[in-house]
Amino acid sequence: MARAANPAPRLLGAAMLLLLLVAAGRRAAGAPVVNELRCQCLQTVQGIHLKNMQSVKVTPPGPHCGQTEVIATLKTGQEVCLNPAAPMVKKIIDKMLNQASSN
């Protein structure tokens with residue numbers, strides 16, 4: 001009579017592999033997540049009416065993007081990228097800086 005192969009070594013190997021995968025997954029879950037590794041603004045507009053804007057966020061150049069990005073959030077919740085070189089956008093940024101320095 002032929003003897004059946006002992007499944008214990010295979011089962012033990014599979015269990016060890018599963019433990020390693022779970023441990024690696026938990027470690028990766030605690031790692032910080034980078035939002036974007038590229039520029040967010042692919043197209044820009046020259047300006048937008050101030051009464052439609054809720055807030056403005058200016059992101060300086062960095063490792064993620066080599067250009068300054070100006071992102072306006074409208075009252076509707078939509079985000080619009082503004083051209084930082086446009087005269088109207090420069091006025092908006094100056095106004096923001098003046099308000100921040102006066103506070």
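Placement of Cβ uses the backbone N, Cα and C atoms for every residue, glycine included.
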Checklist line | Selected from CYS41, CYS65: Swiss-Prot disulphide partner of CYS81 | finding: CYS41
Notebook entry, point to check: For CYS81 (disulfide bond), what is the secondary structure state per DSSP, taken as helix, strand or coil?
Noted result: strand
Check: Near CYS65 (disulfide bond), how many other Cβ atoms are within 10 Å of its Cβ?
Finding: 16
